[in-house]
Amino acid sequence: MGVKGLNQLIKEHSPGAFKEFQLKNLFGRKVAIDASMCLYQFLIAVRQSDGQQLTNESGETTSHLSGMFYRTIRMVENNIKPVYVFDGKPPVLKGGELEKRLLKREEAQKQIDSIKDTGTVAEVMKFEKRLVRVSREQNDEAKKLLELMGIPYVNAPCEAEAQCAELARTGKVFAAASEDMDTLCYEPPYLLRHLTFAEARKMPINQITYSEAIAGLEMTKPQFIDMCILLGCDYCETIKGVGPVTAYKLIKEHGSLEKIIEHINSNPTSKYKVPENWPYDEARQLFMDPEVTKGEEVTLKWKEPDVEGLIQYMVREKGFSEDRIRSGAEKLKKGLKTGVQGRLDGFFSVVAKPGAKAGDKKGDKKRGSDSKASNNKKKRK
């Protein structure tokens, strides 16, 4: 679900935390991708001309495999090394959110049943997309495909976003990639959004720098997490009537959820009501100390694709075109053989000229572009 209104709050208070660029700008990077989110996107977006999901002759859905295969190849062709992270068991606190999603799917099915004879294709499609969920079988199929492609994946013990952030924090990869803004609660150095969107959508990739985001908000990590809980997360309900502006204001004024609750409960005229038995502290702990496999225990290895294995699985078992799969496999093979080439910003640093004086405008002017490059220098992953 993500965190409601967080993107806009960061844009307002920390505009410098945002960057937009094209896929090619991630040249030479390793990225941990929320696989469950990707598969969900592929099941919604990868469709036939009539709006229906891709299927083979047996009627099996193959949209997720098509999306995973071709989007991964596009990244590898741009000299990016992806690693996919799959969800493990959901936290107990997430049960309420999962139940809400189930009810929404049931309601969507009722809407489809009521309009399927009289509704337009667009109306039916709108509700059909609400029925989409990633099955365990589809997860397993995606893992098998990745193995054949030579692309590593990680089975998270719990939340995939938390594991992506752990890999980024410990230097295994450059960034975590997910559409869920709550990924920022796990403190990845960088969050990438829109990474696996279709090229036809022409959506630039969004990069959010965590350190700049909380610096602009002037918050500590615990305060940032408390604000996200107030905004609304997957783990618990929020205080009714508290929107982004109010949530930010309350955290700035009181500093923590405990103080906010104390303020509301001690003010009889307050229009806000704290939910009964509100598990905000348990939610906070899930963000502060998530269940993850430590980065140093994870080994990531990109291997040469098994071309004939891909033909057997994707063509003979799943009904894809052999010419297209062979062509894609060759692109993948070439891209992975190239390896991650070093980025220029990983090799150069600026050294002041001997005898240069601080505040020397002439020297500063000459070094302007180099200084900017130095400030933007990032450790190569």
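Sequential numbering from 1, following the chain as shown.
Cβ atoms are placed via backbone N, Cα and C, with glycine included.
The annotation in Swiss-Prot ties Asp180, Asp182 to Mg(2+) 2, and of the candidates under consideration, Asp87, Asp234, Asp281, the one tied to the same site is Asp234. Of the residues Asp34, Asp226, Swiss-Prot places Asp34 in the same Mg(2+) 1 site as Asp87, Glu159, Glu161. The stretch that Swiss-Prot tags with region 'Interaction with PCNA', taken from the ranges 259-267, 286-294, 340-348, is 340-348.
For the recorded Mg(2+) 1 site, residues Asp34, Asp87, Glu159, Glu161 set the reference point as the centre of their Cβ atoms, and the other residues of that chain within 8 Å of it by Cβ are Ser36, Met37, Val85, Ala156, Ala160, Ala162, Gln163, Cys164, Ser178, Asp180, Thr183. Take the CB of Asp87 (Mg(2+) 1 binding site) and look out to 10 A: across all protein chains shown you find 20 other CB atoms. In terms of DSSP secondary structure, the region 'N-domain' (1-105) contains 55 helix, 19 strand, 31 coil. Under DSSP, Asp234 (DNA binding site) is assigned to coil, being neither helix nor strand in the three-state scheme. Within 10 Å of its Cβ, the residue among the binding-site residues Asp34, Glu161, Asp234 with the fewest other Cβ atoms is Asp234.
DSSP classifies Glu161 (Mg(2+) 1 binding site) as helix under the three-state reduction.
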